[in-house]
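These come from TrEMBL:
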- B:Gly32, B:Glu55, B:Ile56, B:Asn90, B:Thr91, B:Cys110, B:Thr188, B:Glu189, B:Glu190: S-adenosyl-L-methionine binding site (BINDING)
- B:Asp113: active site (ACT_SITE)
Amino acid sequence: MLTPFQKLLYNGFGSRKVLVAASGPCLRTFDYSSGHIISRWSYLDLDAPAGNKSSDLHDEDDAPPRKKHKIDSGNASDSVSTEILIENGSGRQKPRRNGFAAPCITHLTATADGRHVVIISGEDKAIRVLEMTEEGGLHQFSKRVLPKRPSALTLTPEDQILCADKFGDVYSMPLLGQTIEKASNVDMQDQEPPIDELFKPAATSKTVHTKHNLRILELQQKQKKTKKASTTELQFEHNLILGHVSLLTDIASVRLQTPEGRSRTYILTSDRDEHIRVSRSVPQAHIIENFCLGHEQFVNKIHVPSWQPGTLISGGGDDYLLVWDWRTGTIRDKLDLKSLLAQSQTNTGETTTFPISVSGIWSVETMSGSGSIIIACEKMNGLFTFALSSEGQIIIGQSIFKQLSHNVLDVAIVQHEQRIVVSLDIMHRPGSGEITAAHDHSSFVVVLHLQSDGTWEEMKELIAVNTHAQQTKEVLTESLDPTVWSGVFYNAEHLRKRGPLADAEEEL
Amino acid sequence: MDWSTYYPKFVDSTTTGTPRQLVKDVTVADIGCGFGGLLMALSPLMPEELIIGMEIRLRVAEFVQQKISALRVQHKDDGLYQNIACLRANTMKFLPNFFKKSQLSKIFLCFPDPHFKARKHKARIVSTTLNSEYAFVVKPGGIIYTITDVEDLHVWMVQHFEKHPTFERLSKEEEDSDPSVKVMAIETEEGKKVERNEGQKFIACFKRLEDEPWIE
Ligand SMILES: C[S@@+](CC[C@H](N)C(=O)[O-])C[C@H]1O[C@@H](n2cnc3c(N)ncnc32)[C@H](O)[C@@H]1O
């Protein structure tokens, strides 16, 4: 049996329709129509033994992409999975701190044309661009390692990668950029002063300083003698384009038409400190246009529906969702998720005691120029769905809550069919993070179809995905301990600051 | 943000509703104001402006606010010190929670903590990315004043503001003719300490330019 898919993506590439599923450090692709497995990809296979802690910025893994594990069965419909097991490495790989042989995939997205899939793995700080083969398999095109752990990822309409890190900095880089000798210089690139200058005594004897500062100064002078300058420059093209002083949780790139018919692109960023920022896009990302202020807790997800690009939906640690006119920063509507959830649970007899964390916001556009908004909360076995008026008001239809058998991990949007594929956590008890014995017949994914009345109907499809996931004899290199997986599946609630002490930490 | 308790003499009595509105907006901010020496000196110098000191240390901020209250009582007759106040805030994170776009005409960054270690440079109150937030709250033509006795930090601040397309450094002549510069150099607590030690003071001021036209 496989482990649940913490990330799921629908990717149309040419005539190929592919479901990309991340389970721990592994990606699998399935044929969307038949549900049959196409390929399995893992950087375990590519990377040097992962045992050595790779905190190094210049992880050397930039050799030309190798075609490994090409297990494309050519014609996906000739059923039987043709998986090959990892033949190298695994024996030499020591388990990491997180219990996995390799860092888990935390973000998964694809270019509009479907040709490239971009993934982030948190622990090794790497952004990888993978190329989709004709058959729907994947192979690595590039790997770039950032100085800090990436925490958010998006692609601009021009297919630039925007990624943010847990210290609040946002970088842009070309999708197909390769390792180059020297990082190119652009306006906003934050440069540390040259090393010489850094290690020049930073104060004169006449500087007023505390004992503490004096000690650091002495240390610094000592260091100057012993420490070899370690360059912090990244070996690929990248630009620091903006920054929050807070963990950056989500990022969106939005193109808007002005009334005069000109097109402007913006970058929207959210952070752990309640903020949503609206900046111009590169090369003017140093200009902040606006803030959307109204959350009282961390913001975890922001989403702009394709048919209503002036509207933003945001959620995180608050009990409510907010709908914004993000250009002016005005709140258009507010939805109290907690009371809705309480209502839905009085029907099932369960009660929620844990706080709400919004873990995902998506939308599906309909023909009529509107659409359905889809909300997932951490450890919640169902989805909230509603429509939006053109003024950004929430319209609740027949039912706002779609109950599912297990907690939702991710949602893949199949826009042209007005369907979604929901990835479920069969390892943990519905509605909680408690471990449960997974049943052989539990569904890893379910397909929902948007009905004309705005409700979502469960379809009997992708059965082959579930059958494969349940029955594969594949030898897993991933840890099977469900408590470890809990950390992979549920990480929004960790963003909540606890008590007044959290604030006091700032009092230096 | 409810400013009415900070500037009770400037509450707009013609309107009701909560929070009570002021007759004018705060336009000058002293970021990391410490014990508030600069605020007290600026008060009579800019009687028409509302000036706010922002300090991350709660106790220090409270102390300054008490000192201002006491001064207001002492000066009941001449009505001085009504235009200054101090609040506790981590400005590196929460500046936009206090000010609208283009609200401020002046920001003072006086003797910021130097954070000598390279690893701690992220904690410095000036950086290219933070400067975008200063640009957001300061109106075009507004000025950011910086002063420090740490040359390294001075160089750092100049580099990071000059690299930001929205700021332009003032010339020596412009600096010399700005009365705020003199006050900043002699009236801050840190400035006085440096004076007693006969230390050096490094000054740099930056004008906030108009935003460039959109590249579409
Ligand atoms: C060296 S003192 C200078 C005080 C005053 N400006 C002067 O010149 O006398 C720096 C001050 O900045 C405050 N500070 C540091 N980081 C801050 C932040 N993020 N937000 C607000 N104040 C901060 C410190 O608490 C300290 O009082």
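Cβ from N, Cα, C; glycine included.
Chain A comes within the C-beta cut-off of under 8 angstroms for the following of the binding-site residues B:Gly32, B:Thr91, B:Thr188, B:Glu190: B:Glu190. Neighbour count (other Cβ atoms within 10 Å of the Cβ, all protein chains): 21 for B:Glu190 (S-adenosyl-L-methionine binding site).
A straight line from the CA of B:Thr188 (S-adenosyl-L-methionine binding site) to the CA of the residue listed as 'active site' spans 14 Å. Around the Cβ of B:Gly32 (S-adenosyl-L-methionine binding site), 20 further Cβ atoms fall within 10 Å across all displayed protein chains. Counting Cβ atoms from all protein chains shown, B:Thr188 (S-adenosyl-L-methionine binding site) has 26 others lying within 10 Å of its own Cβ.
Looking at B:Thr91 (S-adenosyl-L-methionine binding site) and B:Asp113 (active site), their Cα atoms lie 13 Å from each other.
For the S-adenosyl-L-methionine site listed in the record, the two most distant Cα atoms among B:Gly32, B:Glu55, B:Ile56, B:Asn90, B:Thr91, B:Cys110, B:Thr188, B:Glu189, B:Glu190 lie 20 Å apart. Most Cβ neighbours within 10 Å, among the recorded positions B:Ile56, B:Thr91, B:Asp113: B:Thr91 holds that distinction in the structure as shown. You'll find the Cα of B:Asp113 (active site) roughly 11 Å from the Cα of B:Glu190 (S-adenosyl-L-methionine binding site).
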